Amino acid sequence: MDSNTVSSFQVDCFLWHVRKRFADQELGDAPFLDRLRRDQKSLRGRGNTLGLDIETATCAGKQIVERILEEESDEALKMPAPRYLTDMTLEEMSRDWFMLMPKQKVAGSLCIKMDQAIMDKNIILKANFSVIFDRLETLILLRAFTEEGAIVGEISPLPSLPGHTDEDVKNAIGVLIGGLEWNDNTVRVSETLQRFAWRSSDEDGRPPLPPNQKRKMARTIESEV
């Protein structure tokens, strides 16, 4: 087992413990508590996969964090400011668009829309989003464009459900790609979005989605939207 995998799990366990103590003092807001519950489920799953005890991992994670804090200056503890990256122009973001065969799905705090009438097109996904620590932090808006510039799909945050992770965004993109490819469209993702959401891609601009996810997502669009 990779040592970085183990130490990452240990630190995550300890930081979750700190956040839980914070929540126990009734100081956390609703999004904070929601993330706490989701992360607890994730840690349990990772612990089972790795064969590690969470309580033991938490103690080890505490030692790692304490060692890091002893070496850190106050200057190093400052949170870097997020960067705002734009694939789309203001006109592309604000343009109204219409669907001949509208399909819509809500996935967590993200709304996915697409036009099921679009077939046999080359489509590119563009997004405007913020980045921190060289990873996607917050999606502002994602849209799917044909080569002719027509908008045929969209992913946007729901104002009533604030807060999403980069994994939420990647899952939503998987749904959109699956739905568009169901109609024999060829979909690629902008280089900027690939870099900060996946940090890798295929040569044709596809993010590394496994084939079974593509089929699953396509069926989801077809049957549930």
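Glycine is treated like the rest: Cβ placed from N, Cα and C.
Small disclaimer: the values here were computed from a predicted structure and weren't measured.
Here the region 'RNA-binding and homodimerization' (1-73) has a mean pLDDT of 91 out of 100. Per Swiss-Prot, the feature region 'RNA-binding and homodimerization' maps to 1-73; the stated evidence is sequence analysis.
For 175-210, the entry in Swiss-Prot reads region 'CPSF4-binding', with the evidence type sequence analysis.
Under the heading region 'Disordered', Swiss-Prot lists 200-225.
Among the features that Swiss-Prot reports, region 'PABPN1-binding' is placed at 218-225.
According to Swiss-Prot, the motif 'Nuclear localization signal' annotation covers 34-38, on the basis of sequence analysis. The list of residues near the motif 'Nuclear localization signal' (34-38) in space but at least 6 beyond its ends in sequence, with Cβ under 8 angstroms from a Cβ of it, reads 16, 19-20, 23, 28, 163.
Here the motif 'Nuclear export signal' (132-141) has Cβ contacts under 8 Å with residues 80-84, 88, 93, 110, 154-157, 164, 166, 169, 193, 196-197 of the same chain, all six or more residues outside its ends. Marked as motif 'Nuclear export signal' by Swiss-Prot: 132-141.
Across the motif 'Nuclear export signal' (132-141), DSSP assigns 0 helix, 8 strand, 2 coil.
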